[in-house]
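Please read the structure below before turning to the comments.
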Amino acid sequence: MEDHFSRQINYLRIAITDRCNLRCRYCMPAAGVPLKGHDDILRLEEIVTLARAAMRIGINRIRLTGGEPLVRKNVVTLVRELAKLPTLKEISLTTNGTFLAGLAAALKEAGLSRVNISLDTLQKDRYRYITRRGNIASVWQGIRAALAVGLTPVKINVVVARGFNDDEILDFARLAMEEPLHIRFIELMPIGAAAASGCSFLPMAEIKGRIEAVYPLEPLTDLATNGPAVNFRVAGGRGSIGFISAISEHFCNRCNRLRLTADGKLRPCLYWDGEIDIKGALRAGATEEELASIFARAVSLKPAEHHMERGWRQARVMSQIGG
Ligand SMILES: Nc1nc2c(ncn2[C@@H]2O[C@H](COP(=O)(O)OP(=O)(O)OP(=O)(O)O)[C@@H](O)[C@H]2O)c(=O)[nH]1
Ligand SMILES: C[S@@+](CC[C@H](N)C(=O)[O-])C[C@H]1O[C@@H](n2cnc3c(N)ncnc32)[C@H](O)[C@@H]1O
Ligand code: SF4
Ligand code: SF4
């Protein structure tokens, strides 16, 4: 369905849980966030019903996120049920990768198309510092498993902050030379815990400049995605590189998405705080057609662009929105 700014909205990001086994400094406070009660979270069959309704307004790609989507029980069953939706073209997943090794084969078999895996450092001790508890070896096992079972292209999400991990930009670029991985450098957004984390913004032009000084980049258009990244091939490399510059060069003019939070709110935009309580309508007995009209209303409320320069005054943190 087209929105008021002639953008085709065909992609739904579903946060299937607000829980996470990690506490990445730019995403969540150390103590975590107050979690929703069991009854407040959408049940798996409710997620499938809402996804089916979303298909009626032209959604044909779904990404599961969170929180950490792989801590949700029965995530494989959810993927299997979603994969049965006749007009769905793709189901993908954004994960921290720590539980992926044990689930990759089952997820692939259930119908998952591909995974994006978050990894902000290649250093063991720094990984534990950034995530406040994670074990980097488990992420690498997840990456290897994803490649082995064909959850490809495997994309690695690297949020870059000055003085935090920017000394590893070239190490990540080298990874794109050596491995069949798509490495995406992401500008830090001032959402949720980011401001209080002490992490400081590094503009994409600087990140890209540092890479290009060593590794020549050629524009790449054939990567299967309409997402926010601008992509490049690294001359002579096995992988590729993408840049997600949400602040310095935002991509809102080609926005294609809606978000559904774990507690059943539709968010027309990552940044704006306007939310529609679609869970309330679902539990009050709305028909699929009525639910589809709520999705259509969310599309009609999409803003032209974000205003992250105004900072963040909302109660939600990134893990509650799904990124
Ligand atoms: N500003 C903004 N950032 C987004 C949006 N969608 C995703 N991001 C950010 O982009 C980064 C990567 O997100 P992913 O979950 O991997 O999703 P994606 O980049 O859309 O995925 P692909 O379909 O593989 O391109 C995260 O930091 C997200 O918060 C968006 O609509 N607006
Ligand atoms: C909120 S996480 C949820 C999925 C999963 N737990 C993971 O980490 O991939 C989704 C994405 O948002 C990114 N993210 C979180 N906070 C961010 C921020 N302040 N700015 C930019 N990206 C952020 C994460 O790095 C991750 O790639
Ligand atoms: S970025 Fe993902 S893994 Fe890290 S705390 Fe947020 S939700 Fe958890
Ligand atoms: S910030 Fe909002 S309008 Fe911009 S790309 Fe993200 S969801 Fe779309």
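In case you wondered, yes, glycine gets a Cβ from its N, Cα and C as well.
Keep in mind that TrEMBL annotations are predicted by a computer and have not been checked by a curator.
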Site co-member for [4Fe-4S] cluster 2 according to TrEMBL, given C252, C255, out of C199, C269 | C269
Which candidate from Y11, Y26 does TrEMBL annotate alongside G67, S118, M189 at the S-adenosyl-L-methionine binding site?
-> Y26
Within the chain of C255 ([4Fe-4S] cluster 2 binding site), which residues six or more apart in sequence place their C-beta under 8 angstroms from its C-beta?
-> R7, I9, C269, K302
At the Cα level, what's the spacing in Å between C252 ([4Fe-4S] cluster 2 binding site) and G67 (S-adenosyl-L-methionine binding site), rounded?
-> 23
Predicted model, mean pLDDT over the domain 'Radical SAM core' (4-233) = 96
Which state, by DSSP, holds T94 (GTP binding site): helix, strand or coil?
-> strand
Whole-number Å value for how far S118 (S-adenosyl-L-methionine binding site) lies from K155 (GTP binding site) (Cα to Cα) | 8
